[in-house]
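Chemist: Pulled these features from TrEMBL for this protein:
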DOMAIN    A:20-441  domain 'DUF112'
TRANSMEM  A:20-39  transmembrane segment
TRANSMEM  A:51-73  transmembrane segment
TRANSMEM  A:112-137  transmembrane segment
TRANSMEM  A:149-165  transmembrane segment
TRANSMEM  A:172-193  transmembrane segment
TRANSMEM  A:205-225  transmembrane segment
TRANSMEM  A:260-281  transmembrane segment
TRANSMEM  A:324-345  transmembrane segment
TRANSMEM  A:357-380  transmembrane segment
TRANSMEM  A:392-409  transmembrane segment
TRANSMEM  A:416-444  transmembrane segment
TRANSMEM  A:464-490  transmembrane segment
Amino acid sequence: MEVLSALATGFSVAFTPLNLFLVLFGCFTGTLIGSLPGIGPINGVAILLPLAYSIGLPPESALILLAGVYYGAEYGGRISSILLNVPGDAGAIMTTLDGYPMSKRGEGGRALAISAVSSFAGSMGALLMMVIMAPLLSELAIRFGPTEYVMLMVFAFTCLATMVGSRPIKTLIGTLIGLVLATVGVDSGTGVLRFTMDIPNFFDGVDFLVVVIGVFAISEVLVLLEQWVNNDLKVTPVGKSFVTFADIVKVRWVILRSTVIGFFIGVLPGTGASIASAVAYGTEKRMAEGDSDEFGKGDIRGLAAPEAANNASAAGAMVPMLTLGIPGSGTTAILLGALLMFNITPGPLLFEQKPEIAWGLIASMFLGNIALLVLNLPLIGVFVRLLSIRQSYLIPVIVMLTFVGIYSIHGDSFDLFFMVILGIFGFILRKLHFSLAPVILGLVLGEVLEENLRRSLSMSGGDWSILLSGNITIGLAIASVLALVLPFLLKRIKGKGRTAQLQAELDD
Amino acid sequence: MKHTTRTLLVALGLASSLSAFAFETDKPECIAPAKPGGGFDLTCRIASNGFGDAGLLPSPMAVTFMPGGVGAVAYNHINSNRRDDGDALVAFSSGSLLNLAQGKWGKQLDENDARWVGAAGVDYGAVIVKSDAPWNTLGELVEAIKADPSAFVLGAGGGVGSQDWMKAAILMKSAGVDPKKMRYVAYEGGGEAIAALMGGHIKVYPGDMGEMKGQLEAGRMKVLAVMSDHRLEGEFKDIPTAAEQGYDAEWAILRGYYLGPDVSDEAYAYWTDTFNKAYENPIFLKTVEDKGLVPYKSAGEAFDADVKKRVNLMRELAKEAGLIN
Amino acid sequence: MYDRIFAGALLLLSGLIAWAAAQFDVPFQYEPLGPKAFPYILSALLAVAAGWLMIRPSADDWKPTKEVVLRLGGALVLMYGYAFIYEPLGFIIATAIVGGVFSWLFGEKPIKAGVYALVMSVVSFFLLTDLLQLNVPVGTVFGG
């Protein structure tokens, strides 16, 4: 097979001692950098990119290093999501839902291990799919036009609405708040300033990281403080919990389904890990109908699903970048930048003209995943120790890191003030039992939704029926309606007391 | 503040030295007012790689990113925090100037709030369609548009009032179609617009020639006209200009750099001289061409005047299109 | 009750959004939707959702003691102050002060908290600047 021999070329590039060292080194430093709250893959790559460039690494080696750093930092971000309830990027938001409760009850090691295994499986599965189907998929990616995106967003939001949090209405409100935040800034369609209050810092919109760190990390500090005052703050037990064979057996289909979902959503430019993990989480909660009460309280399926999906989508996002030169996610935008730095323009000709780069990169992603698993499974015990640090020592470090991370984005104190205000807001939301994830997803997806809605109507000259004019859009519309209606129908059919359900929700 | 002090120290130190210039940069920096990977990044790479490879700088030039509003954030930042930082070049493009002309960078800031110092190069607009599209000349396309303007969806990498939109509007005007009638879809960057063209979501993409480097070879798109006053060289030499085909549609994209408004004359002269040396240097010129631009040799006061003239021209255009009053 | 107050605030917000959107200065409408439509839609949805929450609020279960409110307020003032002195005083001093107070808030003895915070801020300053090459302010009062 042609693909296999090409991949073999890739591996022969990746398997030199230098490159093997680089991938291990990258994974390790990436994990360390990524585990700091507020400092993520972007910083990791930004630190090592100039270094790789200045010591004159050949392009393929530099890319291999970056792929390692990227994977490492992604995984490192999971550490702060699971142990500290601070997601490092959009893809990790859903991870906090079940990961943090697990670590709260002393299963931090188990949660990190399940995350590692699911991420590994998700990535590997998606990479395989990519190798086999890349040319076909790039066609799918461009077939997806504005109308399809609009309906995909609608589907993602309906998935979310019925799946997360204590009450659907609160999820809806959270999502709307996120969507409103997304409209702040220069309107890309017309250049009109919206809701900026004449503050230049808002011209480019509300920065995603400032919101995430404010809403999650700052509010977490406040919550911890309250618990400490009330003497509720038990030192989290640091058990030697670890993933068991039974765990893996239990989540094997979850991982497989989520990998497929994540990969296909990842292929579509501009959507990526956040939608993929939300849809995978929703799907799994629905599949577990009747047995889904533990979701949101530390169910390993609720952790495995988003972890497999967001990693699969990261691999999926490589497809349009490598074959078309369109970065489908923040990460691929960085990698694209890195490629351009080495005078390599991704696009239709990359695989023909520079096969050693394209296939070397793919091979290095396989290696990066293996390296990460091998490096991190043994280290989980060390990471979990983080929780045994006394709060009076740990909290100042968290506060410091959030400030450093946010300040380093623009070098402007304004972001710090804004972050603290968002922290208060996040605290209020949590006290009122709003789930924070929908807010962030709304913020991330709002722009995609609005832009594509406006593009759709620009195409049709204002005719809304264009939204239901294609097979894909109609399919997605039906799926959205089903997602909304099915849970209620199922409950009726099963004759389950609705009151009992409500009671369970209120107990939450 | 950090920079103020350092510049001061440098200035003091060098005032007594016998250097040809009273200023030499010790920590050159190019600010790309966008995320990595776009046109501003490319502009900064031309300075950092071009100057570096040609040996024109005492130390390597760092490229930093300051995304926001097609340069608005960087312009405001320089104007409030680093007005006299002689080490930092900031990249700009015609798109930036267009925003400046429309007052989108803050009402109190205009083209006089920077010292425009040198050009990286120019690029020209291009009328691009899918390779299996039925039109082979600009004339055929224009006839088809005239027949039913609402059936023609144009799309490009910028919103209403951006230079991509301007290109579309100019094209429409030259065809005698009211620009207000056109169906224009704004994408986020040229890459997305190209994908939309491939996917059949838009029919015409008024893009840039620079983006077409290597793409023609791949055979998925064709260029019906280049929006320049003369034919380009190299792989594009067979593409006719719009004027050749009888349409008055010209659009040049200028890429260059500015310094803060209070940068010393010494620093300004130093960079002007660096640019002038670079324009004579074949290594620098090759870097410019490798990045898909046509060299444009203008620096210092002449360039400053050139930029200000362009901004005024754009202000006129924007008024004409009803974008500003 | 809390839910009702929050819903009221959201209703106010939805009104503000609609009002602010109406003020957008759109010089020329070149597309069917324009920049106002999406905010209008969001504003309407938010109003409906907030109205629903107003009618069917959840029970209150947050009953903070006086000390909780006091400490939370203290922590907020502290973080706000941190943001305020971060640039002028620079990372090391600001972090030593704020980190120390935080450590004390979480039950550490004052002297121990202060020493810990000082060591933490100095060590991390060099780690962050040299190793991670992050943009960490030295402090403008030192002219650095």
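Each position is counted from 1, following the chain as shown.
Even glycines carry a Cβ here, placed using N, Cα and C.
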Chemist: Compare A:112-137, A:172-193, A:392-409 by their Cβ pairs under 8 Å to the transmembrane segment (A:357-380) and return the stretch that comes out on top.
Modeler: A:112-137
Chemist: By a Cβ-Cβ criterion of under 8 Å, what residues six or more beyond either terminus of the transmembrane segment (A:112-137) are in contact with it?
Modeler: 3, 7, 71, 74-75, 78-79, 82-83, 95, 99, 242-243, 247-248, 251, 255-256, 258-260, 262-263, 266-267, 300, 303-305, 307-316, 318-319, 322-323, 362, 365-366, 369-370, 372-373, 376-377, 380, 383-384
Chemist: Which sequence-distant residues neighbour the transmembrane segment (A:416-444)? Criterion: at least 6 residues beyond either end, Cβ under 8 Å.
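Modeler: Distal contacts: 87, 90, 93-94, 96-97, 156, 160, 164-167, 170-182, 201, 206, 208, 210-219, 221-223, 274-275, 278, 402-403, 406-407, 508.
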Chemist: Report the listed stretch (A:20-39, A:172-193, A:260-281, A:392-409, A:464-490) having the maximum count of Cβ pairs within less than 8 Å of the transmembrane segment (A:205-225).
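Modeler: Out of the listed stretches, A:392-409 contacts the transmembrane segment (A:205-225) most.
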Chemist: For the transmembrane segment (A:20-39) against the transmembrane segment (A:392-409), do we get 3 or more Cβ-Cβ pairs below 8 Å once near-sequence pairs (under 6 apart) are dropped?
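Modeler: As far as Cβ distances go (cut-off 8 Å, pairs 6 or more apart), the transmembrane segment (A:20-39) and the transmembrane segment (A:392-409) touch.
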Chemist: Sequence-remote contacts (6 or more beyond its ends) of the transmembrane segment (A:392-409), Cβ cut-off under 8 Å?
Modeler: 36-39, 43, 84, 86, 207, 209-210, 213, 217-218, 220-221, 224-225, 386, 415-416, 419
